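This report concerns only the one structure given below.
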């Protein structure tokens, strides 16, 4: 008979040993996994009427996890993509458990067999050049926060950094002179360097002359000298989008996020004829195939432009099957 295994020590060792020591996971990954398990434990507490510290491993089984994921999507309204990210964190923990408590392999395999939910992948959303220009002009550069926000937006749209990467930048991560660039630790603890345009270099040089706030050396700190929070960044973007929409009305109905600015940079590179492999390196993608979404967006733009043109006249020579079965297959 399989003995009971307490969940608490196993989950603690997963975070402390597997994620932090062995994998050296980024703070962003750790916080994402932490949030997943906080939500899962609260759900299990309501469902099983037991405090998290008293839960046994075998109680976190496949049916409970599926119910948890369904609850996130249906009751809390998270997207399918977010649901799948939660499942990825749970799968990672159960793969770790497979080595630590192999006697529970049957339960572990059932959890690992829970598939990600399929969803329709939408085309990427990005800003046009007039929209970007209006957004960059929005901050009031007569104030400290306005100068910070202008520099932040310029770096975001010119480098395509992720939210966690740009808020984690330190002043020491900037390198000027010939080949001016910034250094960033991205996904998977991989370091990459991203070059600056001359205009960005000038703005950042001036920004570094500002009195430093806080003692952490953060490049874009909050007013208290701390790292900008996710909500703080989104508040900043919403404020400047609202101001910029007076100059560029098309911004009125758009949601501006750091991720959308990242998409904007990628589209600029692609439309300038930059190879997809270079774009993948620039953005820190593990695979060139990830940049396919930008190519698909470009094709969609071309198709929309084609639809507005006057088509040349000509007779269609498309084959018309006279067989009912072939007609059925062609209709699928």
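Quick reminder: no glycine exception, Cβ is built from N, Cα and C everywhere.
Note that the coordinates shown come from a computational prediction; the quantities given were computed from them, not determined experimentally.
The active site annotation in Swiss-Prot covers 162, 187, 259, 262, 285 and rests on sequence analysis. The active site, O-(3'-phospho-DNA)-tyrosine intermediate annotation in Swiss-Prot covers 294. Sequence annotations record features per position, and here Swiss-Prot assigns domain 'Core-binding (CB)' to 5-98. Summarising the annotation, Swiss-Prot assigns domain 'Tyr recombinase' to 122-307.
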Secondary structure composition of the domain 'Core-binding (CB)' (5-98) [DSSP: H/G/I, E/B, coil]: 76 helix, 2 strand, 16 coil
Integer mean pLDDT for the domain 'Tyr recombinase' (122-307): 82
Lowest local Cβ density among 162, 259, 262, which the record lists as active-site residues, within 10 Å: 259
Cα separation, residue 162 (active site) to residue 259 (active site) (Å, whole number): 6
Whole-number Å value for how far residue 262 (active site) lies from residue 162 (active site) (Cα to Cα): 7
